[in-house]
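Everything on this sheet refers to the single structure shown next.
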Ligand code: PEP
């Protein structure tokens, strides 16, 4: 997917994680219906579990809702039981994919090198990757948050992203699913550092690459976070599971 726009609309991305049976498709339909009432100022995407990807795409077909995968393998196919490839995400109707989420890095020991391989595989399949980075509480308390995240970013972004549509999500580990949202000061500082790195690496393209914040984004705090400098959207976990909450976050963008 080649980069077309230099001023992308904010992206509000709902990561359902390992949540959602067939009945959850009703929430996706409600999100699509909520957006159909007026064109959204933001791009809106849902990342359901792989088991729902295809059906969710059908459920929201014709709406403003984009659909993506929560992960993909770095290889196009092969003996990797339980994994799915980027091509499979695309074949199931996805146009985007999250790679390097901290839960993948922690639960499955994914390295930056593997994450870069997944981002590359996503591009090869025509998907827009969202590449996640973020520091632990210990790293923040030790004053190493910015240097750690920038190092992680450097190693997780393949050179092949040049000229292609992609997004970065900054998600401090201590804010994910905890209700402890990062302060606007913390977010602004980190997003500015990420922007500097993106511009150094990708030039003009790096100025427009959306940098999403993720970590306990809720209807109550979304407006303040999304208005902060260099925040180009939100990656939303828990609050994306209910259409009412998710739509309120979209409304805040
Ligand atoms: C996430 O899943 O990436 C996330 C940020 O979760 P939550 O919004 O629940 O903190």
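For all residues, glycine too, the Cβ spot is worked out from N, Cα and C.
Per TrEMBL, active site, electrophile is recorded for 101. Annotation note: residue 101 (active site, electrophile) sits in a coil segment as assigned by DSSP.
Of all Cβ atoms in the shown protein chains, 27 besides its own fall within 10 Å of the Cβ of residue 171 (active site, proton acceptor). Under the heading active site, proton acceptor, TrEMBL lists 171.
The substrate binding site annotation in TrEMBL covers 15, 16, 17, 177, 216, 237, 238. Here residue 237 (substrate binding site) comes close to 15, 17, 176, 177, 214: these same-chain residues lie at least six apart in sequence, with C-beta atoms under 8 angstroms from its C-beta.
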Where the record says 15, 16, 17, 177, 216, 237, 238 bind substrate, what is the longest distance in Å from one Cα to another among those residues? 14
Cα of residue 216 (substrate binding site) to Cα of residue 101 (active site, electrophile), in Å and rounded, measures 15
Would you count the other C-beta atoms found within 10 angstroms of the C-beta of residue 15 (substrate binding site) for me? 26
Same-chain shell around substrate excluding 15, 16, 17, 177, 216, 237, 238, C-beta within 8 angstroms of the CB centroid, reads 19, 176, 236, 239, 240, 241
Packing count at residue 101 (active site, electrophile) (other Cβ atoms within 10 Å of its Cβ): 28
